[in-house]
Amino acid sequence: RFAVSVGYWKDPYIQYFVRQAKERKAPEINRGYYARVHGVSYLIKAFLKKTECNCQIVNLGAGMDTLFWRLKDENLLPRKYFEVDFPMIVARKIHNIKSKPPLSKPIMESHSGDSLLIDSHSLDSSRYSIVGADLRFSSDLEEKLKKHNLDIHLPTLLVAECVLVYMTPQQSANLLRWAAGTFPVAMVINYEQVNMRDRFGQIMIENLQRRQCNLAGVELCSSLDSQRERLLLNGWENARAIDMMKVYSFLPQADVKRIEALEFLDEKELFEQLMQHYCICWASKDSSNL
């Protein structure tokens with residue numbers, strides 16, 4: 001929300017979910033978010049264009065994400081867009097949607113057919129669904145998604161941003177294996193930490209632990225190879241991983257120039273170190289040669 005308010009990218013919907021931050025955030029954090037939002041969105045749009053939007057997206061651990069509304073504004077909605085998070089988070093999101101017309105109207109506009117289902121822990125319209133579930137239990141997850149008309153035969157994109165790292169390696173492996181085994185044509189995008197074994201990575205872990213935040217799956221974040229390996233070992237056919245410094249260098253340079261002028265960044269080196277400790281990995285499984 002802070003990065004959006006400074007002008008790093010446009011998101012007219014985030015204001016309805018998140019209160020404005022009281023204090024300024026560090027410029028390197030804002031640039032990191034900028035690279036993450038653009039990097040992930042680049043892959044999502046590539047998938048939507050390849051499938052001509054004849055696909056579904058499952059956003060795992062979606063939190064207060066606003067991607068559904070932004071895709072609708074760009075006429076890029078998939079056949080169906082699913083979000084999954086803990087019931088408590090989902091209840092908060094649904095409450096916001098119900099009480100804010102700029103959020104509820106686009107859902108109504110894209111809806112066709114029978115009445116809209118909405119209760120405290122789930123929302124189901126013909127194009128958008130929010131499901132309260134625990135990602136550590138994939139059988140429960142699958143059952144709930146199918147209730148909301150998940151179609152396993154449609155090309156499916158799964159997105160996980162800073163989600164798998166909070167599960168044990170076994171739990172995230174189960175989730176990835178479930179996805180690879182369920183959809184004949186699928187892609188997964190995972191954004192999270194990498195290179196966590198060096199000194200900088202250790203300090204990041206200690207800082208999080210001090211805030212009572214335990215990274216249960218951090219051992220899989222030791223390198224780009226370990227990130228790729230995990231995808232290949234769990235049923236995905238092709239996998240790639242790049243660190244965020246590389247992503248940053250791939251972004252349209254005119255826009256990068258624009259955002260670099262928004263705030264003065266003193267700590268160039270700190271920014272680079274931070275970006276080398278996050279990555280985007282993506283993998284696919286493709287029976288129809290998309």
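Cβ atoms are placed via backbone N, Cα and C, with glycine included.
Marked as S-adenosyl-L-methionine binding site by TrEMBL: ARG36, GLY61, ASP134, LEU135, GLU161. For GLU161 (S-adenosyl-L-methionine binding site), applying a Cβ distance below 8 Å and a minimum sequence separation of six or more within one chain yields ARG36, VAL40, GLY61, ASP65, ASN190, TYR191, GLU192.
Proximity of LEU135 (S-adenosyl-L-methionine binding site) to non-local residues of its own chain (separation of 6 or more, Cβ distance below 8 Å) is seen for LEU60, GLY61, VAL84, LEU141, VAL163, MET167, GLN171, LEU175, given in sequence order.
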